[in-house]
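J.: Can you keep this structure in mind? I'll have questions shortly.
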Amino acid sequence: MEYEALAKERLPKMIYDYYASGAEDQWTLKENRNAFSRILFRPRILVDVSKIDLTTTVLGFKISMPIMIAPTAMQKMAHPDGEYATARAAAGAGTIMTLSSWATSSVEEVASTGPGVRFFQLYVYKDRNIVAQLVKRAEKAGFKAIVLTVDTPRLGRRESDIKNRFVLPQNLTLRNFDGLNLGKLDKTDDSGLASYVAGQVDRSLSWKDVKWLQSITPLPILVKGVLTAEDARIAVQSGVAGIIVSNHGARQLDYVPATITALEEVVQATQRRVPVFLDGGIRRGTDVFKALALGASGVFIGRPVVFSLAVDGEAGVRKTLQMLHDELELTMALSGCRSLAEITRNHVVAPWDPPRVASKL
C-alpha cells in the first residue's frame, strides 16, 4: 500500500490518475478492497508448519507461488524500463507475467529480456487480420497463453481520465501496434484512450469469437472478466483453459461486486473443470489466502506492480512480489496449512455463510 502513496508523489497527476482510478463513482474500486476485510480466518492450531510449500502449477507451468502479474497497460509511463523491468522481476520471482496488448514494449522486446513464462493479454480489434497477426507474434515470441479480455466492448467511464484529457506521453507508443499505424493515442476533449477504444476495439465480440480464436492458435485461452455463474458455464462449454474473475480493476462497470465476492459463484459453476483465478483488490498475503480458500487456483496483481515499478523499477516489483510471497507463507503457517492443497473453505468465514452451530459432543 505504501508504494501507492510514494507513486502518487512521483508521477504526474494524469499518469497517477490513469493507474489509480476506477469508473464513475468508484464504488467497486473501494469495494474490491473492502470486501476482503469482511472475510475472516478460522486458523487451525498445533499443526507442524516447519516446512511450507507455496509452489503451484498453472496451465502445466510450475511457478513459485500462486501470485502472478496481471496485464496493465503502458508501463513506461510509470518507469522508463516499463514492461522490461516487470518481465525481469516476474522471471526472477519464478512467476508468470501477463503482457498487455496496450504495452509500451512489444511482445518481441519483452521476450528479449530472457527466459520466463509469459501470457499475452488480447483486445480484439475490428480488423481481425491485426488480431491474427498479433496472436502469431505472441506465439513466435514464446508466450504460453492468450488472456482474452471480455469485459471491454466499450471503455468504462473513468472520469479522471476525461478531466485530465488522458493521452500517452509524446515519447511513448503502444508498441505492439506501431507498424500498423495504431500505436498513437490522439489528443481529444475526452479520454484519449476511450476515443481509441471506440475507434478500434470490436463491440460485436461474442462467444463465437472465442471459437475463432481457438481456430487460429494452439495456445490455451483464458477469459478475463467473468463475474457470473451463467458466463462461467458458457466459458467451460466453449473450451476455455481457465477463467479470470475480474472487474477490470473496477474500471469498467461500476457497482458490480468485488471480485472476491463473485469468486465462489464462478468456482461452483465451473464444477472445477477449469482453473479459476482472481484479479482485483489484492494487496496482502492474507488476501491471497482468502482467494485460495474460496476456490481460486491463483491470483493476478495489477496496481501493486505499476505503483512499485513507478517508485523503484525492477527492484520495486521484485520487492512487491517478495512481500506478497512472505505474507502468504506466514498466513499459511498461522492458519495451519503446509501447502496450497491444505487451504480449504473451512479456513475462512464469509459474510454470506450460514451461521455455524457447534456440533453436539
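Each residue's number is its place along the chain shown, starting with 1.
Glycine residues also receive a Cβ, built from the backbone N, Cα and C atoms like all the rest.
All annotation found in TrEMBL is predicted automatically rather than curated by experts.
Annotation comment: TrEMBL describes 1-353 as domain 'FMN hydroxy acid dehydrogenase'. The glyoxylate binding site feature in TrEMBL is assigned to TYR18, TYR123, HIS248, ARG251. Here TrEMBL flags 71-73, SER100, GLN121, THR149, ARG158, LYS224, SER246, 279-283, 302-303 as FMN binding site. The active site, proton acceptor feature in TrEMBL is assigned to HIS248.
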J.: Filter the binding-site residues TYR18, HIS248, ARG251 down to those whose C-alpha lies within 10 angstroms of the C-alpha of GLN121 (FMN binding site); answer none if the list is empty.
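T.: Cα within 10 Å of GLN121 (FMN binding site): none.
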J.: Could you tally the C-beta atoms, other than its own, that fall within 10 angstroms of the C-beta of GLY280 (FMN binding site)?
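T.: Counting Cβ neighbours of GLY280 (FMN binding site) within 10 Å gives 32.
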J.: Out of PRO71, GLY280, ILE282, the binding-site residues in the record, which is closest to TYR123 (glyoxylate binding site) when you go by Cα distance?
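T.: Closest candidate to TYR123 (glyoxylate binding site), judged by Cα separation, is PRO71.
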J.: Taking TYR18 (glyoxylate binding site) as the reference, which of PRO71, ARG158, ILE282, GLY302 (the binding-site residues) have a CA within 10 A of its CA?
T.: ARG158
J.: List every residue in the same chain as ILE282 (FMN binding site), at least 6 positions away in sequence, whose Cβ is under 8 Å from its Cβ.
T.: ILE67, VAL288, ALA291, VAL299, PHE300, ILE301, PRO304, LEU324
J.: What is the total of other Cβ atoms whose distance to the Cβ of ARG158 (FMN binding site) is within 10 Å?
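T.: Total other Cβ atoms inside 10 Å, all chains included: 23.
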J.: Relative to the Cβ position of TYR123 (glyoxylate binding site), how many further Cβ atoms are located within 10 Å?
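T.: So the Cβ neighbour count for TYR123 (glyoxylate binding site) comes to 20.
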J.: Restricting the comparison to the binding-site residues ALA73, ARG158, GLY302, which residue's C-alpha is spatially nearest the C-alpha of ARG251 (glyoxylate binding site)?
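T.: Nearest listed residue in space: ARG158.
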